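Trainee: My questions all concern the structure below.
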Amino acid sequence: MSLPAERAQNIARVLIEALPYIRRFSGKTMVIKYGGNAMVDQRLKDGFARDVVLMKLVGLNPVIVHGGGPQIGALLQRLGKASEFVQGMRVTDSETMDVVEMVLGGLVNKEIVNLINRHGGSAVGLTGKDGDLIRARKLMLRRDAPELAVPEIIDLGHVGEVESIDAEVVHMLVGGNFIPVIAPIGVCDDGLSYNINADLVAGKVAEVLQAEKLLLLTNTAGLLDQDGELIRDLDVARVNALIDSGVIQGGMLPKIRCAVEAVQAGVKAAHILDGRVEHAVMLDLFTDEGVGTLIRPRAPK
Ligand SMILES: Nc1ncnc2c1ncn2[C@@H]1O[C@H](COP(=O)(O)OP(=O)(O)O)[C@@H](O)[C@H]1O
Ligand SMILES: CC(=O)N[C@@H](CCC(=O)OP(=O)(O)O)C(=O)O
C-alpha cells in the first residue's frame with residue numbers, strides 16, 4: 001500500500017494536528033451508547049465503526065453498549081405484536097422477552113461486532129449473561145400524580161434495572177485489545193432474563209469503569225428545550241426542573257437520568273449527541289466543547 005507524497009504529507013499534517021486531543025484521551029475509557037435510532041443506514045453504520053476502530057488504534061478504550069428498540073419493534077410488528085412503552089420503557093411479557101433477547105443478543109449485537117471487525121477492529125459481543133456481567137432486578141416504576149393519594153406502582157413484566165456489574169470480563173477484553181460490545185440484557189438470581197433500557201446499562205458500565213466520558217448517540221441534536229432549541233450544557237440541578245415541566249419525556253427520560261447518575265458517580269462528563277451526524281464520535285473528541293448536550297455534575301464557576 002502506497003500513497004502519493006502530497007497525500008501522505010496532508011495525512012501527516014492532520015495527524016499532527018490531532019495529537020493534543022489524542023494525548024488528552026490516550027488510555028482513557030469511553031463508553032459509547034449506540035442507540036437503535038442512530039443505526040440509520042449503512043453509510044452511518046460504517047462511519048460509526050470506523051470511528052470506534054480509529055479510537056482504539058490511537059490508544060483510547062472504547063466500550064460499546066447498544067440499544068435496538070426500533071429493531072425489536074419491527075420484529076414484534078412482523079409477529080403481529082404491538083409495542084407499548086411507559087416512561088420510555090417497553091412493557092415486556094415473556095413472549096416479548098424472547099424477541100428482545102433474539103434481537104439484541106443476536107441480530108443487533110452481532111451486526112455491530114461484524115461491522116467493527118470488517119473495518120479492522122477486534123470486537124467481542126456480550127450480553128449481561130456472559131461472564132455474569134450484568135445482574136438485574138425487576139424494575140418497578142412509580143407514577144406520582146396529583147389525583148393519586150399514593151404513588152402508583154407499575155409492573156412492566158420482564159423489565160429490569162441494573163443491580164450490579166461485574167466488569168471483570170470487560171477488563172479482560174480491553175486488556176487483550178478487544179472492543180467489548182454489550183447488549184442490555186441482565187440476569188437475576190433465579191436465572192431469569194431481564195430487558196434493561198440500554199441507556200441505564202451504559203450509565204452503569206461507565207460508572208463501574210470510571211470512564212472519562214459517556215457518549216449517548218441518539219436521533220436528536222441533543223437535549224432540546226421547550227422551543228426545540230439545543231441545550232448545550234446543563235448541570236444536575238436544571239435537569240429536575242426540565243423533567244417537572246414536561247420538557248424531557250419518553251425515551252429522553254432514562255437517557256438523561258442515567259447521564260446524571262453517571263456524572264454524580266464519578267464519570268467526568270456525559271454527552272447526548274446526534275448519532276445521525278457523520279463521525280459524531282470524532283466530532284465530540286476533537287472539539288473542546290463537544291457537540292450535543294453536555295451534562296456535568298455542577299455548573300462551571
Ligand atoms: N427534551 C427533549 N429533547 C430531545 N428529545 C426528546 C426530548 N424529550 C423527549 N425526547 C424524545 O426522546 C427521543 C430519544 O429517545 P429514544 O427514542 O429512546 O432514543 P434512543 O433509541 O437513541 O435511545 C427523541 O427522539 C425524542 O423524541
Ligand atoms: C426496557 C426497555 O425499554 N428496553 C429497551 C432495550 C433496547 C433499547 O434501549 O434500545 P434503544 O436504545 O435503541 O432505545 C427496549 O426494549 O426497547
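Backbone N, Cα and C define each Cβ position, glycine as well.
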Trainee: For the substrate site that TrEMBL describes with Gly68, Gly69, Asn195, which of these is also annotated: Arg43, Arg90, Arg232?
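Mentor: Candidate listed by TrEMBL for the same site: Arg90.
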Trainee: Through the lens of DSSP with three states only, how would you label Lys33 (site 'Transition state stabilizer')?
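Mentor: For Lys33 (site 'Transition state stabilizer') - judged by DSSP and reduced to three states - the answer is strand.
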Trainee: Could you find out if DSSP has Gly68 (substrate binding site) as helix, strand or coil?
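Mentor: Where Gly68 (substrate binding site) sits, the three-state DSSP reduction gives coil.
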Trainee: Whose Cβ lies within 8 Å of the mean position of the Cβ atoms of Gly68, Gly69, Arg90, Asn195, the substrate site, other than those residues?
Mentor: Gly36, Gly67, Ile72, Gly73, Thr92, Val100, Val103, Leu104, Pro184, Asn197, Ala198
Trainee: Reported as an integer number of Å, what is the Cα distance between Gly69 (substrate binding site) and Lys33 (site 'Transition state stabilizer')?
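Mentor: One finds 13 Å between the Cα atoms of these residues.
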Trainee: If H, G and I count as helix, E and B as strand, and all else as coil, what does DSSP give for Asn195 (substrate binding site)?
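Mentor: Its secondary structure by DSSP: strand.
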Trainee: Judged by the number of other CB atoms within 10 angstroms, which among Gly68, Gly69 is the least packed of the binding-site residues?
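Mentor: Counting other Cβ atoms within 10 Å of each of the binding-site residues Gly68, Gly69 gives the minimum at Gly69.
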Trainee: Based on a Cβ-to-ligand 1 distance below 6 Å, what subset of the recorded positions Lys33, Gly68, Gly69 would you report?
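Mentor: List returned for ligand 1: Gly69.
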